[in-house]
Amino acid sequence: MSLTIDELGRVLVQWTVGFAFIYGVIWKVAPKLSKIEERYRATFADNLFNIPFLPVLCYTAIVGSASLGASVESRWAETTPESTAFLIMYMSKNIMRSVSSIALGDSKPGIWLIHIHHIVSVICFGSGLILGRLHFFGVLDGVCEVSVIFLNFKLLWRDFALKQNYIYVINLHILAFTWFLTRIILFPIWIFIYLYDTYYYPEISIESVSRMEYFIYPITTLAIWAMSVKWFVPLMKEVKRTWTGNSYGDCNRNSYGNSNGSSNGLKNGKEN
C-alpha cells in the first residue's frame, strides 16, 4: 500500500496534531507530578508521553519486520498495516517533538543533531510511504526502540528523584541487554541483509529504487549503530558499578541516547 502526497500530508497532520494535544496536556501537568527544573520540563513530558507510545511503536515494528522479512520481494516492495502504522507514528512523533522543542525552548545540548535525525527520518520514511517500498528496512531499524522502553524507565526514575534500588538495577541490566541485542547486534544484521539482497537480487533491490533511497537508508543505519556503540560504553560502566557495589549513578541530562531523540541519554553514568 502506498499513499499519495496529499494522503500522507493529511495523515501526518492528523497524527501530529493528536500527539501534540496529548503532549501539551502532559507538559501542562508535568510540574504537579515532579519538582523538576523548568529547563527539563519538555524532556520530562516527553518521557511521560513515551510510557504508552513506545510499546505500541515497538509492537508495529516487530510485527511489521516479521511479516515482511520472509522474501527479498517482501523486503523491498511490500507493505503491511503494521509497517505503515509504524512509519506514520514515528514520523508524526518526530515532527511533533521537533516543533515542540523549538516552541518550548528546549535547550539541551545536542538538540540540533536530534533535529537533523528527525529530518532524515521524515525523508526516508515519507518516501517509503509514498512509493510503497523499503518498509521492511524501516521497521527493522525500528525494533531498536525496544531498548528505549527501558531507557525511558531509567530516565523517569531520575525525573521523579527516586532512590535507586533493586528494581532500578534490574531495569538497568535489561536496558543493557536489549541495547546490545537490538542495536549493537541488530544493525550489522540489517546491513548484511541489505547488502545480500543487492548483491544476489539486484533486479529486485538496487535496480528498483532510486540512488537516494539506496544510499540514505544504510548510511542512516550505520550512523545510528556508531552512536549506539558509543553510548553502550557508559551504560556498561554503570552496569559494572552495580556488580562491585558502588553507587549506581544516573543518566546525564546533557546527552541523549536513542534513535529518535525522545529521551536524554547515557554519559559517564552520573547526573549533572
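Backbone N, Cα and C define each Cβ position, glycine as well.
Just so you know, TrEMBL annotations never went through curation; they're auto-generated.
Per TrEMBL, the features are as follows:
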type	residues	note
TRANSMEM	12-30	transmembrane segment
DOMAIN	39-244	domain 'TLC'
TRANSMEM	51-72	transmembrane segment
TRANSMEM	111-130	transmembrane segment
TRANSMEM	169-195	transmembrane segment
TRANSMEM	215-233	transmembrane segment
Exercise. Are there residues at least 6 beyond the ends of the transmembrane segment (51-72) whose Cβ is under 8 Å from a Cβ of it, and what are they?
Worked result: 78-80, 82-83, 85-86, 89-90, 93, 135-136, 139-140, 142-143, 145-146, 148-149, 152, 156, 193, 197, 200-201, 204-205
Problem set entry | Cβ-Cβ under 8 Å with the transmembrane segment (12-30): same-chain residues at least 6 beyond its ends | 36, 41-42, 44-46, 48-49, 88-89, 91-93, 95-96, 99-100, 104
Seminar exercise, completed: Here the mean pLDDT of the domain 'TLC' (39-244) is 92
